[in-house]
Each structure stands twice: as C-alpha cells, then as structure tokens.
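Encoded as structure tokens, the structure appears first; notes follow it.
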C-alpha cells in the first residue's frame, strides 16, 4: 500500500479504457476480465526481469498478448488508484483524497468516514446499460461510507457497497485483511457474499500469520471460475473484476504453495496468483470464450517492501505503444498528493511543483520512506513550494531523479513552456470532487455489517452512542509535534517560544555565541583551553573507532539518553593524571553529565536538509536561545549500512576542528533509536543550491570561495586530517556568504600511513583513488581543482554519461575548458588537476596564485591575513 507511483505492468489484447466505447457498440460484445493485483511490482514478473522466472503463465500471457511498459496508476495507494480505475477519473476529481494538514494520500482504514460518491459512474454501471452482467471478487477498497448521522449507524452502509454501484455480484471484503482484532477495540474485517456478510477474516476465513497459510486465493479463484461458467451458460456478456489481495501484507498462500518459491512467502503468493491466472485463462479457453474476451492484468499501485523489486529495466521495452496515433504521442501525467498537484510528467521530462517525502510524525517515529534515495533540497518533511521554478528531471538520463536540470539551462526553459501550458489547461478543466477522507470515526468501523445478525457477528463500538469521537484533519490547524517531551510548532520560518521571536535580529541570534552555550560546551564536551591538549588527544585517537568514546548514562528526566564524552580517557599527557585522580574525576563527570544535552534542551524548527542516514533541523537551545542545526541520524540506518565507525570518526575529527571556514560541531547525544549531532547553523544553506540557481559563478566569487577552501584545507592538513569528499553539497554558506566545510563523513585522521580506500563522490575522485593506489592529503588538492572548474563552468570537468566513461576521463585527465574561462583560472586548475599527486600545486601555492590574489576582494585578503597571523 505504501509504495511509490509505479507502472501498470501489462495487459493482453488492447487498452480497456480507450476501447470500452467500441466494445458495447459491436455486434458481439466481448467479455471483459480485469485482474488487479494488490501491491505487486512490475519486477515480480519473469517477463520483466525477475531472475527466478517464477511466473510462467503470466509470462506466456505477455508473449501471446501485448505488453505495456509505460502505463501509470493514478495514486501510490490502494483505494484512490482502484477508484480511479473504475471511475476513469483522477482521485482529485472523484473525491478519493484529503485536505488534511499533511495532504496525505487516501489510505482508507476502517474508521475513515467517506467513500465513493453517489454521482460517480463506475465502469460496471456503464456496462450494465449495454447488457453486461458484472461481478467483483476480492478486495473492494472504494466502498467506505459517508455517514449522514453518526448516532444512527455502527458500520458500513449497504448503499455504498459494490452492488449499489453497478456490480451484480460480490464475494470479498471492503478492506485489506489486517488483523486479527479482538472485536472490542477494533472489529475484524467482514467478508461479503453479495449484499450480506458471511464471516470475518481470521475468525471464519483463517490466515495463519506465522506460516502465511490461507486458502483465500483458492476461494477467490473458484468464485471467478464459477462466475465465468455461469455466464457462459446464459450467453450474455460479462465483466469480471478479480482483485485478490494475497500480495498485500501480511502476505499469504495456500498450503500447496507454501515453501514453493525461492523468494520466500511473498514469492509463494505470486506463484499461486500466477497459477490462478492459468486456471482462469484455461476456463475461458475450454468454454470457447477466449477469442471474445479482453483480459487485462495489472497491479493497483506497484510493489510494496515485501516485493524487494530489483529495478532491472532492460526487458521493459518489449512493446512500446503510443496512445495517440497523431503527431504527439505523449499525454501528460499529473501526480497529486491530497489536493495538491505535486508534479507533471510529459514524455521523459518530469517537473515537481511541490516536493515532500514523508511527514514529521512518521519521521519522528523512525520512518523514512526514502532511505538512501534522498535528494538535497527536494526530499523533505514539509511541503516545499517550487511552483515558480519547478524542479525538473530527465527520466531517460536520470531515472532515479537525483540530478535536477538547472533552471538557467535552455533545455529547462524550453520544456517549461510546454509544461506550463499543459498544467494551465488541466487546472482550468479541473472540478475537484468533495474530499472523502478528511474524517475518522470509530462508529463507521465494521461493527455490525448487513447480515451480521444471521451469523451472530454483530458488535458494538466503544462508547459510540454516548460519545462519538469525530476526528477532523485540517490543514489550517497549527499542528504540534511530540518528540519525547519536546513540543514544537510547525512554524518553519522562525522559532517562537515563550514569546521570544528569533527573527527579530537573525545575525545576533544565529551568529553570536552566548555565554550560557560556552559554559555548556565546556561541561559537555570537556573542551580544553589548551589547543595543544586537544591536538594530542586527536593524534592519539588516530582512527580507533572503539577507543575514543566514553559512554555515560545521563540523568536527563525520563529519557535515559546517553552522552558521548568527546575525549580520550587514556590521555596521559593531561595536566591532571587520570591514574592519580580517577575517583575525583568520576565524581566530577557525574556532576557534569547532569548539565549535558538531551532532546528536552531544544526547540525544534524547520528541516534544513536530508541525507542518506538522517535529517537536519533548525533548533534552538532553550536556555541560551542560541540557534543551532540538529542533525538526526537513525541508528537502524547506520547499522544497516555498517557505518557506525564512520560516524565515530566524523565526530572525533570535527569536534576538535576550530576554523572560520569549518562548520563547528558543538556536541552530540543519543537515545534508543537516534544519534543527534549539534552543529553550527549556516543560514544560507548549501552552496550547491546557490550554484544551481545561477548555473555558474563569476571569477571573483569563484576565487574567493577557492581561497576560503584552501585556507580550511590547509588547517585540516596541519592537523593531519584529510577530508576526501569536497563537493558543493558538503559546503554551506553563512549569513555573510562565507564558506563552511560541513560534512566530514569520509574524512580521516592520517598522520603517517597512506591509504587506498575508494570513497567520496565519483565526479570528484582523483586518479590515484579510482586506480586503487596509495593516497594522502593531495586527494583534497584534486577536489579543489574540480570545484574551481565547476564554479566557473557549472559542471564537474570529467562529467560523462556513464561511470566507465567518467573513470576513463579522470584517469586520462581529459580536461577541456570553455572559451570563457580566463587564462589565470585555467592555469590554476591545470596545476591542481595533475595525474601525479606529487606534482599538484600545494595549498600555499594556491593561496599565492595570481588568479586568486588578483580576484580576491580586499576584505577577503585582510580576513586571511588576520587569521593566518593568529595561532590556530
């Protein structure tokens, strides 16, 4: 159900939607069978690349019929996508959406108040007028009810079930097979035979959640076979809507197929459905109906996490159908979330007008729908408005939507002319349906469905008659978040707590460190007033991930959070020997731990960014009112990717670095599921965004940025720290526009040994790294040259269509300059981008280079002199 908008997999014979009108006017009206799977992915079929090849019958159906490779569902969730299929209208038109505060998609649990509207004409109703007889078998997820009087009804109303919307027969359920429930807090889902329930899931239709065994697919298959045979006898055209839900979690299969697949329980379910398709097609063949029956096979919205789809695309282009036969073969595809048009796709271009990943509540519960797939500035926990300048991707070159096309490029401008016309035409014709999923109420759950009296399965909702609990989601309501004991408003522009407005003087609150915070830094980080001591600690640590952390239990109220002391406990060079003062030190630490940070110390504000392992939020220390950036990392993601040691190293290194062009790490703490890094706040965000807006920087700005980076790297190298991943995404801008190196995830403290690790980002990797040779701090010199080129040109110098070509260009130093790059800039870049690391221009040479000195501002030169004259 919670799966991405995906392609319908394939269909046999022809497009049902475009041909329905022709069906009913023909002399011999064809039968219609729609097989709609639940959460099945296109990659689950052998014909589309599934390596186990466990769907021989579906593969044969594709070979004998027609394969559609560019067919889209209307929504990434069950109910709205199914309602759209049967109404032929987008959820925004048929009402299967919500206008709640998060514009969530229309997942419809039992307590949703709403359903298919009476003025909607479903496909079976249209076919009935042409003499068709229709049956739905399996899941019917559009039949939730609109309740006019909450006090009078305890369950789903019969007038909103399938038989009231054109279907003549029904065997199945109105909801997914969630459960089992106790029928006290929540009733089990009923199973219907036509207009009456005949039992409930788990009670009368067992599903063994331990083994995954259930005979429901067999029951649904037998119902389909019996219906086909009965209609064959009366010789009338029929419409069969077959919608089994075995591949929806929790997945199930019958005993015959349990353990049958190489892909586990989900594979078992797919194998059984494949066999059921065989039986249905064989029945049509045996009855002589196969040549006069359209059979359409698809999934409602694509793969769930159970599927583990591999993403192979080389077999998808078996049959490429143009829907329109005229000059324009493309039709626009509109993507909605709630009532917001989020994006449009036209051909291979997709433009995002709004962006969002998953909600704050889900994030704070540890849910991340985009692990490893986040795009900086695009995937966020709040809706980001890009309507004035949509974020555009070319899905042919960039199917993962990782690299937006810059808005300054002519390609972007040309495409947007067409897209804006399409969006304008779409919105001018749009008449939104009444939103059906804005309300929840326990009264409308499946307590007493029609027919419950006959089988003694009527239940009563808790306190329904005494107190109806009617929940309303409203986007205008100011929502509050609960994170442990922290409550924070969703005011994303400024933080307001206890009447204090931090927007009054952003420079003062964002850049001036208060005395209270300094005290806390001293207490929690044990920062020494001696830089020499810190340097000795860093050098002694020497990349030992298991030795440098001292964990202590904090006495923070009810949190039992932990705080890492960023200090080596075996530092023998300390002014006070730990061996001599062990007992006193332990007492002192115990006192200090009470003053260390926990989540209760912060007000949480807007999201600032999102990465592979977590997210960054604007935050404010409650006591000092000091603004910081709080980086929240999920332990599960760190452990899954085996990078705990990398995080330890990052903290160890960054916490000891003090430089005006290096982002400060004030401290960190952690709880059961997350690690929190307290970072300096850079108000203007990523340099990448600035570069993306203007396409390229002028030589003055570029030289100033390169100077600042050279200063910071010179300082790092003096501390034996190699960064290894300098790129625009890892550089932040202060309020005044100065650079800050931000991400030390790939950095290493290497005072002597030369390394051979392949790490960093492809476009910025030096030749020695991709060739597996030993490397030292000169890898950062190469990255500096790449950045200088990118600042001036707008793209990395060795960018190519594929990885292999990029590797080749880097290894050969295939460097080409546009004509507008000055001779001075070319000279500097050429001296940095040298294959032999020992021949690269050193950082002192960079700072002294004529291009740097001639282009740097007088202020910049003065700030450099004043800094270098001071001991670090």
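Each Cβ is built from the backbone N, Cα and C atoms, and glycine gets one as well.
Caution: TrEMBL annotation is automatic and unverified by curators.
Here is what TrEMBL says about this protein:
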SIGNAL    1-26  signal peptide
REGION    551-592  region 'Disordered'
DOMAIN    602-852  domain 'Protein kinase'
BINDING   612, 631, 680, 681, 682, 729, 730, 743  ATP binding site
ACT_SITE  725  active site, proton acceptor
CROSSLNK  727  SUMO2 cross-link
Listing them in sequence order, which of the binding-site residues 612, 631, 680, 681, 682 have their Cα within 10 Å of that of residue 725 (active site, proton acceptor)? none
Residues that sit under 8 angstroms from residue 680 (ATP binding site) by C-beta distance, when 6+ apart in the chain: 628, 629, 663, 664, 665, 666, 740
Could you give the Cα-Cα distance between residue 743 (ATP binding site) and residue 727 (SUMO2 cross-link), in whole Å? 10
Can you tell me the three-state DSSP label for residue 729 (ATP binding site)? helix
Within the domain 'Protein kinase' (602-852), what mean pLDDT does the predicted structure show? 87
Its Cβ having more other Cβ atoms within 10 Å than any other among the recorded positions 612, 631, 727, the winner is 631
Around the Cβ of residue 682 (ATP binding site), other Cβ atoms within 10 Å, all chains included, total 21
Across all the protein chains here, work out how many other Cβ atoms are within 10 Å of the Cβ of residue 725 (active site, proton acceptor). 21
Do you know offhand how many angstrom separate residue 682 (ATP binding site) and the residue listed as 'SUMO2 cross-link' by C-alpha? 16
Length of the line joining the Cα atoms of residue 681 (ATP binding site) and the residue listed as 'SUMO2 cross-link', in Å: 19
Quick check on the binding-site residues: of 681, 743, whose CB has the lowest count of neighbouring CB atoms inside 10 Å? 743
